[in-house]
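Each remark here refers to the structure printed beneath this line.
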Amino acid sequence: MRPERLTVRNFLGLKNVDIEFQSGITVVEGPNGAGKSSLFEAISFALFGNGIRYPNSYDYVNRNAVDGTARLVFQFERGGKRYEIIREINALQRKHNAKLSEILENGKKAAIAAKPTSVKQEVEKILGIEHRTFIRTVFLPQGEIDKLLISPPSEITEIISDVFQSKETLEKLEKLLKEKMKKLENEISSLQALYTAIWKYLEENDLEVLKSELKTVSEKKKELLKKREELQKEEEQLKRLLEKYRELVKKKERLRVLSLRRNELQKEVIYEQKVKKAKELEPLFREIYLRQREFERFSQELNSREKRYKELESEKEAISKEIPVHRERLSKLEEIGEKIKEELDLLEKVLKASRPLLEQRIRLKENLTRLEEEFRRLVGEKEKREKELLSIEKTENETKNELEKLLDELSILKKDHMKWLAYQIASSLNEGDTCPVCGGVFHGKVEAVEFNIDEFEKLDQKRSELENTLNVLKERKKSLSSLIEDLLMKIEEGKKNLKSIRNQIEKIEEELHRLGYSEDLEEKLDEKRKKLRKIEEERHSISQKITAADVQISQIENQLKEIKGEIEAKRETLKEQREEMDQLKSDFFDRLRKIGIGFEEFRILVKEEVKDAEKELGVVETEIRLLEESLKELESENVRDVSEDYEKVRNQLEALSQEISDLERKEGRLNHLIEETLRRERELKSLEKKLKEMSDEYNNLDLLRKYLFDKSNFSRYFTGRVLEAVLKRTKAYLDILTNGRFDIDFDDEKGGFIIKDWGIERPARGLSGGERALISISLAMSLAEVASGRLDAFFIDEGFSSLDTENKEKIASVLKELERLNKVIVFITHDREFSEAFDRKLRITGGVVVNE
């Protein structure tokens, strides 16, 4: 992974940083607490969504971020492809957004993942390592630059195990292995139980015995099938005889029923003759009925027209009485209308004279409303700013108190800091070395000093932040005081303007009162106009009513004349219809007397349906004749009842079929048992094979468990293989960086790593500061590449401030050789003198890059 660019906003101590990485060495320099060490954490968080210090992602947001949001943009190259990651962490809303894209050759971006979890998974696929391995290989923390180089063999084994075999990973692996073995134990136990059950089943069900029993059952079934076939033939013969007997009985019964029906039909034929004669008179009866209905309809119409004639005469009389009343109301409305018009003219003159004053009053009231709103706004703004000023004063006092406590705490820590710096310088000196501080010769043993430098830098950073906060609060306080004074002046000016406008409005209202204007003048005008319109509408309506009444009387007179003619014509028609109907009734009753039927009997007969009983009688007599002939033929064959013989044979057949069915079920059960026995024999062989395979697998896993978690065996073997790969890479780096001067090897008996200087062995602790740093970095990079593949970037957090100027220059000149590796190498230091030795450097102060 080769970093290209990192943009950071409000992440830990970094407020606003934009860095472009280049091949070679870059030195990041700045005071303690400036945010230098946060650069690597920003890269780690951008890639994996995890830092190093805190488990909670929202703790990485800078506490002074106004919007509570941290933003990271990281561009890098891997395997010939370029990628970009964008992450935003909002601590206020508890939101974490992430997006991973590939940067294409045309500059466009193709999205790969858009959620924190999926981005982390895709990054792990691209880099081929997880977060834990990344932070243990790509980053060399403060104070550990030569830890691996000078450690004894036991510690080297622990360091390698920590990188490649974390305790958590081994515990997880051991747990999985135990679960797998437990699962295998359960499966083997289940299979063994199944094996025992199958073996028991095969012992209980002997295959040869089952086959012999099946043969006996099949032979017996064959005999019974033959016997059933003979009985079925006998049953068929008896069935035919029984059917003939039943046919004879059935025909005799049918003959008896038909004889009775023939007697009934003979009576029905006589009755139907009367019905037919009655139906011949039905058309005449219908005509009389229709003539009667027509006569009644005409009578009703005549009564209706006579009634309508009387109604029209009454309606004409009522309308004639309404017309004089309408004319009197019309005259009164004309008088009222003239009076309202005079009142309306007077009110319109007053309104016309008042209109200029009214328009002026409206404009003044609008200005008054606008000024009142502005006045209220200014008063509200003043109160708001006064509250804000009180809040700032409170915050200022709290910040001062916090700063005083912090300064007291820092004063105590600074004394321990000086002791710790002295210890750091002394611990790097050997017996007889020149002290870089006093220039004297170093003698004696170094006494260890414990000091939490991270806590000291954190408190110092907090002090700087509190001082900046106090300055900001003072400026804001001054600005608010000035703003409140301006608001007070504007409020006084607003009061004067409001009073002036209210006086002008009062004078205009006095003048309007003098003219006779009142606030409801326009309402009175509208009311008068509405009354006038209402009177005009009523006058128009009454005029229309008078005209309509005259027209209505004329129409009624025409209708009366027309209805009178209709009444006379209908009376003449009714007289003619009565004479014709009397003649038809006389003819009808004469014909009824001739055929010997009374009127009531006629009404019953005419409703009857003619069923043609005479035709049915012929059919019945024909069927009786045919049945008598058929019965003679059957009686000549001596047909008898064989139902008892038939039932006896059927019962024998049913019993035989049941026995055959029982044998078939037994035959099926035996076939199933034989198939099941054969299947279980095959299953038994398969189980024997599977049990052997699973037992072998269990033994292999048990062997793996014994060797994998035995530190005396596996760890020594694993460390040896890793060291072979690490030393091979380190030798190659040293050959390039020192032109073949230095070589490195590992000897467990000689206490760890052995350095060869032009072939002469030297202990690692005997190297100069620059030589040791160069070899340590080469060794650390080699270990990182073995763990994570090809390594194109390396970050080193190491201070060299304890060295004098000459030693710093020596170390810097040696470390410059790392430029030849064509990698991105970043040194993080708070020593400006050390950083000046390098061409490319960044200075970070207060969380921002101040120069490049």
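Quick reminder: no glycine exception, Cβ is built from N, Cα and C everywhere.
Per Swiss-Prot, ATP binding site is recorded for N32, G33, A34, G35, K36, S37, S38, R53, Y54, D59, V61, R63, and the stated evidence type is a large-scale study or a structure entry. Y54 (ATP binding site) carries neither a helix nor a strand DSSP state and counts as coil. Contacts of Y54 (ATP binding site) defined by a Cβ separation under 8 A and a same-chain sequence distance of 6+ are given as Y60, in order along the sequence.
For S37, Q142, D797, the entry in Swiss-Prot reads Mg(2+) binding site. Under the DSSP three-state reduction, D797 (Mg(2+) binding site) is assigned to strand.
According to Swiss-Prot, the feature coiled coil maps to 155-345 (among others), an assignment based on sequence analysis.
Taken from Swiss-Prot, the feature coiled coil applies to 389-427 (among others).
Each residue in the domain 'Zinc-hook' (389-488) has a pLDDT score, and their mean in this model is 79. Here Swiss-Prot flags 389-488 as domain 'Zinc-hook'.
Under the heading Zn(2+) binding site, Swiss-Prot lists C435, C438.
The coiled coil annotation in Swiss-Prot covers 460-488 (among others) and is backed by sequence analysis.
Positions annotated as coiled coil by Swiss-Prot, on the basis of sequence analysis: 534-711 (among others).
Ranked by Cβ pairs under 8 Å to the coiled coil (155-345), the stretches 389-427, 460-488, 534-711 are led by 534-711. DSSP states for the domain 'Zinc-hook' (389-488), grouped as helix (H, G, I), strand (E, B) and coil, give 75 helix, 2 strand, 23 coil. Taking the Cα atom of each, N32 (ATP binding site) and D797 (Mg(2+) binding site) are about 12 angstrom apart. DSSP assigns V61 (ATP binding site) to a strand segment in the three-state reduction. S37 (Mg(2+) binding site) is surrounded by 24 other CB atoms, counting those within 10 A of its CB over all protein chains shown.
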